[in-house]
Structure formats: C-alpha cells, structure tokens
Amino acid sequence: MFEATTILGYKGDGIAVIGGDGQVTFGNTVLKGNATKIRTLYNGQILAGFAGSTADAFNLFDMFEKILENKKGDLLKSVIEFSKEWRKDRYLRRLEAMMIVLNTKHIFILSGTGDVVEPEDGKIAAIGSGGNFALSAARALDKHANLDAKTLVEESLKIAGELCIYTNTNIKLLTLEE
C-alpha cells in the first residue's frame with residue numbers, strides 16, 4: 001500500500017492555491033522524491049490534488065474531469081454528481097484515494113467513501129499522511145501571519161515535511177486567480 005503525500009488547498013479572496021509534496025513511499029522505502037500529485041482540470045479552471053493509491057487517483061481524476069465537462073465546469077454540481085456516481089459503483093467504493101478540488105469560489109475534500117466535505121472554515125483543506133500537520137500550520141499562519149496565499153501553502157507544507165516521515169519538502173504549487 002502506498003502511504004505518503006501531503007496535499008494542501010487554500011481558498012482566499014479571489015485566489016486558490018493547491019500544493020503537494022513529491023514523496024512516494026512503498027512500505028518503508030521512498031520510491032520517488034519528485035512526484036507530481038496536483039494538477040489543473042477543466043481548462044485550468046479547477047485545481048486538484050490527490051493522496052493515496054496513484055492508480056486509483058488517476059481513475060478518480062479521469063472520472064471527475066468527465067463530470068466537470070458534463071457540468072460545464074460548475075464545481076459544486078460536479079462534486080455532488082461525483083459523489084452520487086461513486087456510491088453507485090461498487091468498484092469505485094473500493095478505491096483508496098482522496099482528492100482536494102477547488103477554485104476561487106469553493107473548496108472540497110472528496111473522500112475514499114464517496115463523501116464530499118466542505119471545510120468548516122471554507123478556506124483550508126488538507127489530506128494525506130501529513131495533512132493534519134499542514135492543516136494546523138495553515139490555520140495558524142492564516143490567523144496570525146500576514147502571508148500571501150501561495151507563501152502560506154508553501155510554508156505549511158514545509159512544516160508538514162519536517163514532521164511527517166511520509167512527506168518531503170520538494171513542494172509543487174498551482175495557483176488560480178479571478
């Protein structure tokens with residue numbers, strides 16, 4: 001089973017940022033340190049990142065992108081439809097992956113059980129082995145530091161990379177602005 005990964009999404013005023021580390025781990029071995037686990041969807045209008053099984057995540061990305069196309073890029077309608085499809089399909093219910101999807105208006109976590117969760121604060125979401133470290137750091141920095149969104153995500157992921165053995169500090173970021 002692939003452990004690893006920290007993905008952090010942040011939605012601010014007119015900006016969305018997603019970041020992820022680059023470490024891929026199998027058991028107690030680091031297989032790769034510069035993997036890309038984030039991407040843009042729907043012609044660059046949606047940011048997405050995954051944690052969990054890579055093969056499962058690519059299946060989820062493909063399925064979600066088809067739904068986005070069908071819903072003309074409406075993120076809210078797409079995550080609801082995605083959840084419905086996930087729960088109907090027995091194969092999908094066994095996938096071992098989670099995703100964060102966001103734009104400048106919405107941010108969601110899509111769980112491995114087909115749940116759609118909008119963060120309580122509507123701003124910050126984290127998944128993966130270092131997710132709680134990144135989430136804690138991001139909340140503290142958001143509340144007490146005057147950082148731009150991109151720097152906040154990067155610094156939070158660096159903190160997670162220093163604490164979580166399945167996360168490194170080879171960070172990649174994607175940004176979306178209104």
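First residue shown is number 1, and so on along the chain.
Note: Cβ is positioned from N, Cα and C throughout, glycine not excepted.
Annotated features, as they stand in Swiss-Prot:
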type	residues	note
ACT_SITE	Thr5	active site
BINDING	Gly161, Cys164, Thr167	Na(+) binding site
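Features as recorded by Swiss-Prot, highlighted on the structure.
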residue : record             : DSSP (3 states)
Thr5    : active site        : coil
Gly161  : Na(+) binding site : helix
Thr167  : Na(+) binding site : coil
>> Comparing the recorded positions Thr5, Cys164, which residue's C-beta has the most other C-beta atoms within 10 angstroms in this structure?
In response: Thr5
>> Using Cβ atoms only, which residues of the same chain lie under 8 Å from Thr167 (Na(+) binding site) while being at least 6 residues apart in sequence?
In response: Ala4, Thr5, Thr6, Asp21, Gln23, Gly128, Ser129, Gly130, Phe133, Leu157, Ala160, Gly161
> Taking the center of the Cβ atoms of Gly161, Cys164, Thr167 at the recorded Na(+) site, which other residues in this chain have a Cβ no more than 8 Å from that point?
Replying inline: Thr6, Asp21, Gln23, Ser129, Gly130, Phe133, Ala134, Leu157, Ala160, Glu162, Leu163, Ile165, Tyr166, Asn168, Thr169
>> I'd like the Cβ neighbour count for Gly161 (Na(+) binding site), meaning other Cβ atoms within 10 Å of its Cβ, all protein chains included.
In response: 22
